[in-house]
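To keep things clear, I will list the structure first and then write my remarks on it.
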Amino acid sequence: MTEINFQEIDKKQQKIWEDNNLFVTPRLPINPKFYCLDMFPYPSGQGLHVGHPEGYTASDILVRYKKMKGFDVIHPMGWDAFGLPAENYAIATGVHPAITTKNNIDNFRRQIKSLGMAYDWTREIDTTDPNYYRWTQWIFLQIFKKGLAYESTVPINWCPSCKTGLANEEVFNGNCERCGTKIESKNIRQWVLKITEYADRLLEDLEGLDWPESTLAMQRNWIGKSIGAEVDFEIDGHKENLKVFTTRPDTLFGATYMVVSPEHPILEQITMPEQKAAVKSYQEEAAAKTDFERGDVNKKTGVFTGAYAINPVNGKKIQIWTSDYVLMGYGTGAIMAVPAHDERDYEFAKKFGLEIIEVIKSDKGVEKEAFTGDGELVNSDFLNGMKVEQSKAAMIKFLEEKGVGGAKTTYRLRDWVFSRQRYWGEPIPIVHCPKCGVVPVPESELPVKLPEVTNYEPTGTGESPLANVPEWVNTVCPVCAGPAKRETNTMPQWAGSCWYYLRYLDPKNDKTFVNPEIERECDPVDCYIGGAEHAVLHLLYSRFWHKVLYDLGYVKYKEPYAKLRHQGMILAYSYRGEDGVYHGYDEVDLSDLQNPKLKTTGEKLNSMVEKMSKSKKNVINPDDILHKYGADAFRMYEMFMGPFEASKPWDMKGIEGVNRFLKRVYAWGESVETDEVFLSTKELDILRSKTIVKVSEDIEKFNFNTAVSALMIYFNDLSKIKGVPLKHFKTFLALLHPFAPHITEELWSRRKCGPFLVKTAWPEADIMLLRSEDMGLGIQVNGKVRGSITVNASASDDEIKAKAFEEPNVKKHMEGKALVKVIIVPKRMVNIVVK
C-alpha cells in the first residue's frame, strides 16, 4: 500500500476551509439555528494533552452533522485566560502574565486548528481583553445596582499558598482546589454576591433541562433545600430566645441538649462565669479551623456553657453546649440535639454523658446506636402512635399555635465570596469615597483597566497587589469629585465564564454586551459540552448571572444551557520501577505490551492506568500523535475508545487500528470504480439505510463509538464490491465525514463528487425499504418473559421502548412500579427492570 501523507492532506483541507469561510455563520441566522458550545479552555503553558480535544471532537462531529442537516450552526471558541497559574508564572519568571497568556493562546489556537475543528474564529474572545472584561464589569454593576453585591468582613477559606480567599466551591476535602494546600480560616473584607436570593429558582429551573442526572443531583445537593421548622427555645434566666432550625420537628420530645456555634453572638451573653475561660479557649481553637475540619465527624469536641434552655414542648431544662461542628453560616447557628435519632448527636451525647431519649420506636432500641429510620412516635405525648410525616405536621401546628415556632425552609447554599486578593483578574468597578461611601464607577468610564505592574507578589495581608499601585488606586469620586480610592480586590476566575456564551453571539459590539435581536434569535445554547468537575462552580455561577440578566430584561430565556453533556476522562498508562520512579514512554520497551521493560537495563516495570500528569511522565501530546497519524485518526480513535461519558485509557494499539482502517478507506476511495450506472442490491440498499439511521441516532445521542462501528461494517461490505454504485460511495463519505473530515473531503474533491462535502446534504434513509423488514422481540420484566412485539428493523430504541410499554401483559406487570432501566438486545429481546 502506498504511504499516505495524512498531515499534508490535513493542512491542505484546513486551508481550503479557512479560505472559504466554511464555518462562519451570520450573526442573525437565516436557517434554523443550532448553538453548540464547548467549555472554553484555560490556556496553560503546557498546551493541550490528548484528553482536552475529546469534548471538542464530539462537538465538531455534532456540528458538521447539523450543518449537513441544514442548520446555521454557531460553534465558537475562545479563552478563559484570567487566573492564578499565569500570575504565579509571572512571579517566578518576571514575564508579565499578559505576554505569557498571549503566547499560550497562540499555541492553543494552533493545536486546535491542527485538529480540523469547525470553529467560527470570527467569534473568538479572550476574557483578559479589556474590550471583553468591560462588559464583565458592566454586568457586575447591574448586579450591584440590583442590591445583589455587598461588602462583608467574614471568615473565609484562605489559601496560604495562593494567598487569596476561596469560595466554598473551590475547596476540596479541606484543600485548595487549585494547588492542594490546606485551607485556613481568615477574616477578610470581601465582595459577596447574593446567590442565595436565587436558591429556589436555581433549584426549580433544573426541571426540564436535558442534563446528566448526576450533575442535576450535584446542583440540588449543593443548593441543599431543607424543609422543616424553626423553633424558639427560652434560655433559663435570660430574656433572649435561642432559635433553631430542624428538619425533624417530630423529634422535639427527644431533644435533650442544645449546641451553638462558637461564633454565635448569643454565646458570650449566656455563658456562666465559671465556664467563660473554657468557652473562650474553645472559641479560639475553633477560629483556627476550616469548615471542612469542623465537619470531621470522627472528632467530637465541645464545651458546656453552664446555661440551660427550656424545651418548649415539655418544659424540661436542657444543657446548652458549644461545638465547632455547628456552623454559624448554616441555619441559625444553633441546633437542638436528639441523640437517639441522629448519629452525630448520639456520639456527642455518649462522649459527654448526656441523656438519650427514644422517641421513634425501633426494634433494637437506642442503647448501642442511634435509630435513624421511620416508625411510630413514642414518649412524645400527643404525637404517640403517629407516623413521622403525620407527626411533623402536627408538631408544626402545635408550635404555631403556641407562638414558639413554625414551618421554615433553609438552604445549604451560601452567598458567593466573589473577590480575590490577586492581580491577574478583572478589576471590580467600585470606588471608595470617605464622603460618599461605596460608589460604582460610571458605565461610561468602563473598562477599568488593570495597570501594568512589575511586582505581582500577593501581599498575604488580605490586600491585593493592586493596593501597592498608588497612581492607579488614587482617583476621583464620581459623585462628589473628591479624593477616593479604587477597589483593589479583583474578580474570581469564574467571572468571565459566567456570560461568555452571550458575547460569542455578538463579539465585536461596542455599544452593548449583545444585540437584543441577536440574543433572542440565537439563545439558548442548544448543546453544551465540558467536564463534570464544573457542576457546582461554573455551571451554578453562570446560571445565577443569567437569571439576573433575565430579571433585568437583557435575555429572553430563563436558562442558558438547554442540553449538557460531559466527556469522560482520558487516562494513560504509566510505567514505574520497583524503586517508585516513573519512566516516560521514550524510556520504555513496549515490544511486549504485557511485560514493559526499561530500555537501558531491561528492568521489568509496573504498568498502571492513571490520570495524565507530568510527575507520572504519562502525558501524551496531541502534536506527537498528529505528526505520526494525522488528525482524522486522532479524532476517530478518541470517539471509538468507548462511551463518550466514560473514563478510558489511551492505548497506542487502538489508534494503530483506527489508522489502518483509514488507510484502507483512503486507498479504496482513490481506486474503487464507482458510477451511477452500477446496480445495487436490496441487501446493500437496506444496509445503507440502516447505517444512515444508526449513525444519525448515535450522533444525536453521543454514542460515537457505536456509530464508528456501524461505519466500519458498511465499509467492509462496500470494499468487497468491484463496482460501487455512486449513491453508496457518496453516502459512505458523507457519513464518515464528521469523524474523519480531512480524508473524506479530499476524496470527495478528487473523485469530483460535487462542491464541499461539509456543505452537502446529509444522506436520507429509504424508510419504505426499511419498513419491509419487520422483526419480533421478546419482552422480559425482571427476567421473566411477559410478552412480545413486532417492530420494524429501522425502529429507534425510543420507538421500541414505547411499543414494549404498551404491550398489555407487560403493562400489567409494570403497573405501580418504578422503572429502573431498559436493556435492548438488538434483534432479540427487550429487558425491563422495575422495582
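Glycine is no exception: its Cβ is also placed from the backbone N, Cα and C atoms.
Annotated ATP binding site per Swiss-Prot: Lys614, in sequence order. The annotation motif ''HIGH' region' is assigned in Swiss-Prot to 41-52. The motif ''KMSKS' region' annotation in Swiss-Prot covers 611-615.
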Query raised in the report: In the same chain, who gets a Cβ under 8 Å from the motif ''KMSKS' region' (611-615) while lying at least 6 residues past its ends?
Result: 46, 49-51, 569-572, 582
**Report entry** Confidence summary for the motif ''HIGH' region' (41-52), mean pLDDT rounded
**Finding:** 88
Query - Neighbourhood of the residue listed as 'ATP binding site', C-beta criterion under 8 angstroms, separation at least six - result: Gln46
Report summary line: In DSSP terms, the motif ''KMSKS' region' (611-615) comprises 2 helix, 0 strand, 3 coil
